[in-house]
């Protein structure tokens, strides 16, 4: 107990006063009382390691310094960044000019920055990974989420650290390698679980797993196999794998997982995603660019309920090893947005984020996910300055988006830093997609590691300073790591469930019971997300409903079984769910009770600690005060003893008396204190007894609630008694203090009195010592007497001393004695007090021990009470949960019982309905049977009458019967015919012979027969109606039976629970058999009635009735209640019909009686004599009828043949449709193949473009090499300026032509590609239209098939009816043959009439049939025409498609030819380089020859100079080789600049994307490979004759020579003046004109001495020409413009490209001299002796004017130059 109560290890102070006093603490800390217990108790379940690492939750920042490049080492290697130690860096202010290129300037000289870790430029990728990334990887394996992102300038090495190269891989491939090597056999290879949203997961079905594997294989097919370099495998085999060995990994898993998990069963599923944020829009890098629109699908950033951000529809891919992950990384890098900038060749233009998510799965019988962790590695794009990058267009927009996103990141970090100190501020996470994605990590998802990349170059000083300042603010941001703990809780709550899926998550949300007593436990983390879960459940329910709705009538039994099984499954699932929920509730209650117990124990421990501290402090204060009082008392007593020792006047008896008095007084004073202690001891014993009784009572108690109540009451009483005892103790201690203080005050007063008395005694003693000796005896005797008197009085004996005899002396002595007695009493009282104090201390220690024991007993009792209370609460909660469960079960049982009752009621109602319907069916069948029997009886009676009556009447009656039976709907016609029959009978000639009486009788007889037949017709009509009603009832019965079956299925589930349902099922089966029997009987009867009732003429009516019936049945299906009402009405109608039938039966009986009478009357008139003539006529009519029947048979045969033909045609159409469908499928397959081919072609086209760009880059690199070579050549080729200018001119023309050709080809290819895309889209639309037309054709054909089937059925029906009529006709023939002897002529007339009517009806039916056939044939023709048109359209589209395919093939061939041409051009470039090397060697040999010739010419010049002094002025115009040599040297110096400018131009064109050729490239004009293309203008001049120039046009066969005047030489004084002016001008020119570095001009020492002379000073005469005549001077002044000025005019009127190039040449000719002047400024103060140089104004000195405006003198006469200008102007008018 004490170890728990005192965790700091401080010994608990004892309450014994005799123990040594403990040193009192200086300050008492009461902050523990004011602690926020809710905050501390929320961390009870968390790990102690997490609490210990709470101080490490700040954002970790690591710095990596990029080493210098080769160019930076040469120019910027000042060392601005200096690494002090492993955690600090010093940034120095650069002293060079490059460091201050920006407008800002730092005021500090050096600044120090500290980081979590600093990695210098010499650190390798492996060391950086070990020092910075290894710990987050370990945390990932332990189940935590981490974020790592790089930050820095562009070109600072972020992507290199992130990805690395193939030789030296970066942190991302290394993390993958370490991850998979540490997991090894613990990988979960199945794809049953997939990550979802931020921290969730989905359970996949088998089909979904197949889809995931197919998607993965398609992704891996897009990129080839990637081989990782050996360094990465060294990493795996070396230190990294040792750092994460398998036992350590298992220990980490043990530490991070729950206690219930088995470490051997835990496996890991690794999933990977890769996306980028480009221009504030998110793209998945695993998804390639779509081939149709060249666009990528944008993804949406969203948040879950807890505010954690995730990317919707992001593709997650499961990875099984590091190679697959590396291949996916390469695939994403291939799709990443990268561009070329001035500072970086491959600058990433987006923020790319590679995420690794690990699912920890317990691989048991039912696998479940225990934890989800992720590692996000973000490669941020670098911040850029547009001044330095010089971006334009799309690059500038990208840079703006990158800078804004980084700026918002800085804002968010600054706000997070400030919000810790001040109030909570709004963090602008939503201002950019990057910060919105990082929001979840900044708000507690996981720790963050930030990698700062900087460069050491001086030019980026300001940017590095800003980056380092940003890193200092980022280090102060606190990042909470709350997701791991909440995730542990969430996954621990789901531990007991077997299936951790979406359903379980939903159950968690629905039944997540919270405890009200602990309010701080209700946090947002326990709220589960169920948006997608509810959607999935709704979808499942919808699919189940759809499946139940789409059941057929044929599969009734299977449906019943399925429903029974589903109901059983549902019940089982519900029971399992209830059990799981019960277990979960019990577990949660246990956990919460344990939490409450822990909380209460901690509270009680803290309270007891606080109380013990208070008691110890109080006792220490008392001890301290007592010690002070005792010290003061001892000091005063010592003083008093000293005083008393000096006084010897008093005796010992007085002291004794005083002691006795003091003892008595002190005893009286301390009686109260001893009584208090005794009473306290009695109270303690009473408390002990009460505690023992309470304990016994608690043990004896049975009801825990009553026991707890009693204990609480007694506990309160004990507390009150303890408080009273404490108050009494405090009062007693106060009284003791007061009494001691009073006694001390009295002692002080007495001591002061004693002092005064001692002083007075001393004075008296001195006086008495002077008294005489004789008086001593007397005083001695008197003293003895006094002593005796005192002894007699009972006083103690006095001390020896002198006593005055006088009465005042005796009084003083008495006072002294009293004082001595009082002092002795005080001393004895002190001694007694000390003894009593010791006794009291001993008693207090005993009481304190007893109090401690009592406290311990009380604590134990409190614990028992708390445990009992907890048990009570637990049992109450159990009871409540059980009650809730019981209530739920009872409610479910009640609902089930109610459903059973409702279903029973429904079943009973249905049974009643079935019984009623069966009764109605029985009654209807009986009525029908009775009617049929009555009709049969009537027919027999009529036959008897016929046998009695004449054969003519019998034939009439038979015909009428047949006619009535055949035509049920045409009753009126039959009545008319029956009415016309008697008229016809009596109109005949042979009837007139009979008497009038017989006529009247016959009329009455016929009338009665007609009435009978009318009644029979009505009966037949009623029977037909009843048959229709019976059909409707049958259909309704069928529907009701379907419903009954559904209800039976539901009832079967409930009857399975009950034992009484078996008998009912048997009854239902019996009833079903009865109903089936009734159906069969009804069907037979209905067939018999339909055969009698239906006719050929009623086809259309039957069709209309059928359509009406269909609509009626649909309406009846929708409204069952209306059907029930109609059934009731029909039952009533049946009753009415039965009554009418009974009435008619009575009428028939009456008629039968009348018939009998008529038969008796007409027996005499049966036999006649004219039967022979009637028989002849009857035979003739029979022959006619036979002929007619033969014709009808032929017609029917023809119709049957036509039907067969139509069937054959329909079969053909079906076959054609099948063929068309097969063709369409083939076409679809071809289209898919063609689309794949197009996609492959596009990829090849993109690869070709990339290859072209690579070739262009190689060309630019080769141009750089050519530049270096040219610099070397230019040092040797100082005399080849004119030749190089010619080459430049030719090169420009070649470039123009080639650019035009390349642009035209590219435009044509692009146009063709666009056309192909458009054609493909049009074809796709046409194919879709074709599909629609085919679907419509199929529908129409199906409708036609239906119509044909209906018509074929009608034809069959007609054929059956014809057969029946034939049979009837045969019967008639037989009857007629039998009754030939009894027939009459009137019967023949009637038969002819009836036969004519039948013929008319047959003709009408044939006409209708023909009209229907015509309509059908027309529809068939229309359909055939439509099908033919569709086939034609499809053929056309197929042809177009074939043509487009041929075009695509052609385009592909052209692309291949272009690639072949590129390869040829590369080979030609190599050939040209070889030729160039050969030319260089040839030029070197020529230069040597020229140098030797120049030496020879110098000698000749010296000779000529000697001769020139003697010669005339005309000889001055001759050529001087020495200045030409110098001029040629100057020109050679100038040559480097135009070439460099040409290189700059070629670079610029290469950057724009067009192919740029160099000045010496090979041209392939007219197929023959020539060194240079055909020039537009050829200019030839040699350094030997610089004043002559040969110009040749393409049309002219011979060149035209042009003479150029020479400039005169200057004197030495003028040369010096010109030098000074040139220096002034060069110093005045701005610095910005310098374009080339100094290193380019170090190797030209001749240029340092060249000075430019511009203006009129260049027109002065040289010293060598001083002797020339005035004529030559005038000629020189007239020809002031030199060759270069004329050359500028010549180029001004040339084509625009030549003008622009000429401008750059003229500008560059001035710039290098200025740069040389700057370099040689230091040497200006000490100029060397300049050699005598011959300056020329025309060629060597550059003109400081613009390229467009060239000044020249106006000349009246048109020179040869102007003629050339005009010609060139007209030629370049294009």
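Cβ coordinates come from backbone N, Cα and C, glycine included.
When 950, 1711 are looked up in Swiss-Prot, the one carrying the note phosphoserine is 950; the rest have no such note there, which does not rule it out for them. Of the listed residues (806, 1694), Swiss-Prot tags 1694 with phosphoserine; the rest carry no such note in the record, though that does not show they lack it. Between the stretches 620-679, 680-739, 740-799, 860-919, Swiss-Prot puts its region 'Disordered' entry on 740-799. Feature region 'Disordered', per Swiss-Prot, maps to range 538-557 of the set 498-517, 518-537, 538-557.
Given the ranges 1002-1059, 1060-1117, 1118-1175, the record in Swiss-Prot names 1002-1059 as region 'Necessary and sufficient for interaction with SHTN1'. Counting only same-chain residues at least 6 apart in sequence, those with a Cβ under 8 Å from the Cβ of residue 1598 (phosphothreonine) are 1592.
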